Every structure is written in structure tokens, then in C-alpha cells.
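This report concerns only the one structure given below.
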Amino acid sequence: MCDLIEPQPAEKIGKMKKLRRTLSESFSRIALKKEDTTFDEICVTKMSTRNCQGTDSVIKHLDTIPEDKKVRVQRTQSTFDPFEKPANQVKRVHSENNACINFKSSSAGKESPKVRRHSSPSSPTSPKFGKADSYEKLEKLGEGSYATVYKGKSKVNGKLVALKVIRLQEEEGTPFTAIREASLLKGLKHANIVLLHDIIHTKETLTLVFEYVHTDLCQYMDKHPGGLHPDNVKLFLFQLLRGLSYIHQRYILHRDLKPQNLLISDTGELKLADFGLARAKSVPSHTYSNEVVTLWYRPPDVLLGSTEYSTCLDMWGVGCIFVEMIQGVAAFPGMKDIQDQLERIFLVLGTPNEDTWPGVHSLPHFKPERFTVYSSKSLRQAWNKLSYVNHAEDLASKLLQCSPKNRLSAQAALSHEYFSDLPPRLWELTDMSSIFTVPNVRLQPEAGESMRAFGKNNSYGKSLSNSKH
């Protein structure tokens, strides 16, 4: 079903520290031209096509970095207690660090923007790219723990961009989340993955320049409450699975799937974004943190302390997002603590045991006496709108499996009967081709939407009027 991403042996941990120093120091040596190959040497350059277990991937090392250069990268020890109540209740908030505009603040009291004809984002080619003065900041979109995102404009070609400005601290070096995101995205070219245009490094900041994307799925669902048009759900889900299949085939996990990390362009394209927590097997790590996915979209195996991650980790999030798009509410909106989150899952899927989930008793935080014993129920009993859409309940049930080994992979999900009424050409597209280049593939107006919001010049007919956990 899904590919296992195994933790690395303990003796390789030293390599991780060396890699962090190498990558962090390397940012100060990046030439200011986008086409410079120095940064490529930092990235994963070859991924084996063999089964993920036992895969040896190749990283090019930078022999030019002096060994006496000590670049400290902050490491924090996790104090995660899965049953400790958080200081505040979990609440739905919009993303502050993805490459999109805050829809509510920009569109209140206005008509939904008209859609534009689809066009693939163009990569900068001018030698002026890579320079800090090549971009103009237009407005602040959000701020996270280590980065601030601005809407910007290229002074070279006038295109809108999203500027993710990462603050550097001399004593700590470059944040490793930034290194991960930049190094992974540099090698990912797909219509359903946000495009990294440029990298700008100064003494104080590291700026990642992304294509500008109009909104995100969270804001889109907030704009259209009560569940999305079934046809639109299908197209969004298809694009999500396309993007995931692409990265999973390269043994990369996203690890932070949630609606606010799924960007929606004004042509209807869905793009995976925010790869700060993404992990490639080629980056050595003794264990993976279990504090990686927002609570509502975190799979039960991770909640129970498993660190043996596979691509199935992402597939649980897909199932949660699928249900949320159809039903109009989060699938498992835990409000108290980890225990409450697990109870909400078990209430629908049944409390696991060794018969239904072999190995569950060996998970660090599984204590049978802590949980009420529930029997599983059909998903339509929990989310009635699944019954209105052909094959939706069956697909959701194959994604929302407590045992990770039983979850459908992204590639297998794309072949599910739920998608059988889509044009066959969608499965023949090249990686960088949008699904909206296929005739008659278009988003439908959401309930209550004014037809004036749909561009008359849209070559695909009716299309998108745009609008968390």
C-alpha cells in the first residue's frame, strides 16, 4: 500500500550534524544567479527507484566548506506529552506562513475575483533574479515562528510573487526547516506543487521567492461553508493525490497536510505548499518527531507515539481533508487534548485492538484502559453527505484506516472508482501540465455564488470563484 520511510541507524546521527553545518554554511556561498549550480549540490540529486526499504540515496557533499567553520543550528528537545492538555483549546486559524494572500482581509465586501485563463508559471531567467532589489514588497501576508511572508512583485517582469523572508541569527545559523524546504522544493517540478522561483541570501535574511497563489483550501472552504460542490471536491482531491504521488515516488513525505497548506490558484489549481516539515529518506535521522501534523489531521499511529513513518502518514490527512470538503466540517475536530482527539477517531472507526490493528499494543502511548471501547460504524453515519456522492464513502474508508499499513497509497487512490467519470487524459498529463488544460475540466460554481464572478473569457467555461484548521 504505502512505502515505509525507515529511521536511520544511530551511528549516522553524526552525519546529520555535519550535513546541517554544511547546508547552513552553504547558503552564504550561494551565487546570486538562479541558474548557479552551487545550491543544487546541497540538494538530493539522485533518488533510487527501488523499494524504499533499504534505499540508498545520493547526496553530493560540498568539499569546499572548511572543517573549522562551526555553524550552530538550534536544536530543541521535545517535551511532548501526548496526554497533556494544551494551554488553549485547539482552534481553527488560517496559515501564517504559506505563500498565499489572506482572502478575508482582501475581499471583504467585494465581489469574488474573476478567474483568469490558465497559464503555467514562468521561471525567472534574467540575471537580475537572485538579487534582493529585484523584488518589491507590496503587503505583509503573515508571520510564523521563523519567517514572514509578503506579497511581492518582480521588478524584472512585473509578476506577482510570494516572498518568504527567513530571519537568520548568527549564533544559530540557517533554520533547518528552511534548509529542508528550499532543498526539497528546488528539485520538485510539478503543476500541483508550489514553484520555488528564486533564493536570495543576505547577511540578515534568507528569502525564498515562490509563485504567488491566490488563496488556500481553508479559506476557500470558509468562503463556501456547508460543503463544496461535489465536482469541485473531486478535482481538488485529484490534484492533491497527483502532487502526493509525485513526492511519494521520490520517497518524500510532506508530514503537514492540512487545508491551509493546500494553495488554490485563481485558475483552480491546487498546490502543495509549506514543506518545512517535509522529510526525504536521504536526510539521515535517528527518529522522526511525532509533533509534525496539526492535531485534527494527525493520524492515530502518530498520536500513539509511532515514529516508523511511511507515506501512509500523509494519506490519513488526505482522508480527513476529503471528508471535510464534502461534509463542510472537520472530520475529527479534537478540542481538549490528544486523548480527546483519539476518542473522536475511535468513536467512528472503532477502538483498535490486536485483531483490528496488529501491533497497536506495542505503541508507546497505547493504554487500553484509557479509552472507551467503541464499535466501528459506517462513515455515512458520521458524515451523511458521503452517501450523496458515488463511491465517496468507499474511498474515504480506505484512506481513514487506523492501521497505517491498510491505508490506500496516493497512486492507488488515483485509480479508485470515485474518479472513473473524469476524462482519461488526466492520467496522461506530464508532471508540469495542469488538469485544466484538458477540455471540459473546470470547476463549478459553489452554492450561492454569483455567475458574475466567473470570467467570460475563461476558455474552459464555468470556472472558479475563489474565496483550517
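Glycine is no exception: its Cβ is also placed from the backbone N, Cα and C atoms.
The annotation phosphoserine is assigned in Swiss-Prot to S24 (among others).
For S78 (among others), the entry in Swiss-Prot reads phosphoserine.
Per Swiss-Prot, the feature phosphoserine maps to S95 (among others); the stated evidence is a large-scale study or a structure entry.
Among the features that Swiss-Prot reports, region 'Disordered' is placed at 103-133 (among others).
If you look up Swiss-Prot, you'll see S134 (among others) marked as phosphoserine.
Taken together, the residues of the domain 'Protein kinase' (135-419) have an average pLDDT of 89. Sequence annotations record features per position, and here Swiss-Prot assigns domain 'Protein kinase' to 135-419.
In the three-state DSSP scheme, L141 (ATP binding site) falls into the strand class. The ATP binding site annotation in Swiss-Prot covers L141, G142, E143, G144, S145, Y146, A147, T148, V149, K164.
Residues annotated as active site, proton acceptor in Swiss-Prot, with sequence analysis given as evidence: D256. D256 (active site, proton acceptor) falls within neither a helix nor a strand when secondary structure is assigned with DSSP, and so counts as coil.
Feature annotation from Swiss-Prot assigns region 'Disordered' to 449-469 (among others).
Per Swiss-Prot, the feature compositional bias 'Polar residues' maps to 456-469.
Look at S134 (phosphoserine): DSSP puts it in a helix. S134 (phosphoserine) and S145 (ATP binding site) are 26 Å apart (CA-CA, integer value). The local packing around L141 (ATP binding site), expressed as other Cβ atoms within 10 Å of its Cβ over all shown chains, amounts to 24. For D256 (active site, proton acceptor), other Cβ atoms within 10 Å of its Cβ number 21. Recorded residues D256 (active site, proton acceptor) and L141 (ATP binding site) have their alpha carbons 20 Å apart, per Cα-Cα distance.
For S134 (phosphoserine), none of the binding-site residues have C-alpha atoms inside a 10 Å radius of its own C-alpha, out of L141, E143, A147, V149. Counting every protein chain shown, the Cβ of E143 (ATP binding site) has 13 other Cβ atoms within 10 Å.
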